[in-house]
């Protein structure tokens, strides 16, 4: 089965073609970073309009590059969670193509796509495992027994980790997107200068909270600010380093706790923040001490992309899942409500 995957949940337009026998044939990604940079964050209306402009030429080029014209068996598109306007662009486009081509179409859960992205690698993880889904909109620990067999172990009670990264970056006047810029600045910082809190690590449970850490960062920036309203460059780097270390520490502690609680020895990290080099280093070191392994997708598949949607959709279609013709999108959609296959 050859599946065209379409991702438009936020500010990236991703398309890909996955073949159940040959694997990933090709993928293309257009990022809207330049569109939203001047606003310091994603503007939903601009995101939707840009998806409309980019989808057709991206799909057209991909069909040619992969020799897939008239060879697509099904279409998978992100149907939630995400920005409703952006989701509708991809859903309408995908459903329209499916009707024109006379093939089935299926809506895919965005976070299931992220969770399954490491399956695209040469050495994928095997079920069961614990997944850390960590992005701008989600921070969740999930026990995964198979596709659709998900048990939520813990989640953020307020800000997601990626959202906290972006907000901390804004406090230091760093460009959008903030997460990668915080990580870059942190490499120049002194990790021993500031000690930031590790929220909710001193109590049982697997939930997260990053709002207090965000406030602590804001107060530290204000305390050391000069006449420009910001601390000097080195202090900003030290704050970025301390902030990143606090987030990474918190995630590592909770991941170890989740593995011990479930008695599993495999961890998958997925979502945009999983591309963070420091997080990967710390998790690999921590899990090696307890004879556990960590898996993640290549960096280009950590952020939103069409490949993960094509793969996830293909697995559900092969299992016989079918959907009505109605176009349904869900801006909010709990992962553990998905049907098992």
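Backbone N, Cα and C define each Cβ position, glycine as well.
Copied over from Swiss-Prot:
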type	residues	note
BINDING	110, 114, 304	Fe cation binding site
BINDING	133, 134, 135, 136, 137, 166, 179, 276	substrate binding site
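Taking the features listed in Swiss-Prot, we show where each one sits on the structure.
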{"residue": "110", "record": "Fe cation binding site", "Cβ contacts under 8 Å, 6 or more apart": "7, 9, 78, 80, 81, 82, 304, 309"}
{"residue": "114", "record": "Fe cation binding site", "Cβ contacts under 8 Å, 6 or more apart": "133, 135, 270, 271, 308"}
{"residue": "134", "record": "substrate binding site", "Cβ contacts under 8 Å, 6 or more apart": "140, 160, 161, 162, 251, 269, 270, 271, 272, 273, 274, 279"}
{"residue": "136", "record": "substrate binding site", "Cβ contacts under 8 Å, 6 or more apart": "10, 160, 162, 163, 166, 179, 272, 273"}
{"residue": "137", "record": "substrate binding site", "Cβ contacts under 8 Å, 6 or more apart": "10, 81, 82, 160, 162, 163"}
{"residue": "276", "record": "substrate binding site", "Cβ contacts under 8 Å, 6 or more apart": "179, 183, 244, 248"}
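Taking the binding-site residues 166, 304 in turn, the residue surrounded by the fewest other Cβ atoms inside 10 Å of its Cβ turns out to be 166. In the three-state DSSP assignment, the secondary structure recorded for residue 133 (substrate binding site) is strand. In the three-state DSSP assignment, the secondary structure recorded for residue 114 (Fe cation binding site) is helix. Of all residue pairs in 133, 134, 135, 136, 137, 166, 179, 276, the annotated binders of substrate, the farthest apart have Cα atoms separated by 17 Å. Secondary structure at residue 276 (substrate binding site), as computed by DSSP, is coil. Residue 179 (substrate binding site) counts 26 other C-beta atoms within 10 Å of its own C-beta, drawing on all protein chains shown. Note: the Fe cation site is recorded as 110, 114, 304; in the same chain, 7, 9, 78, 111, 113, 135, 271, 305, 308, 309 also have Cβ atoms within 8 Å of that site's Cβ centroid.
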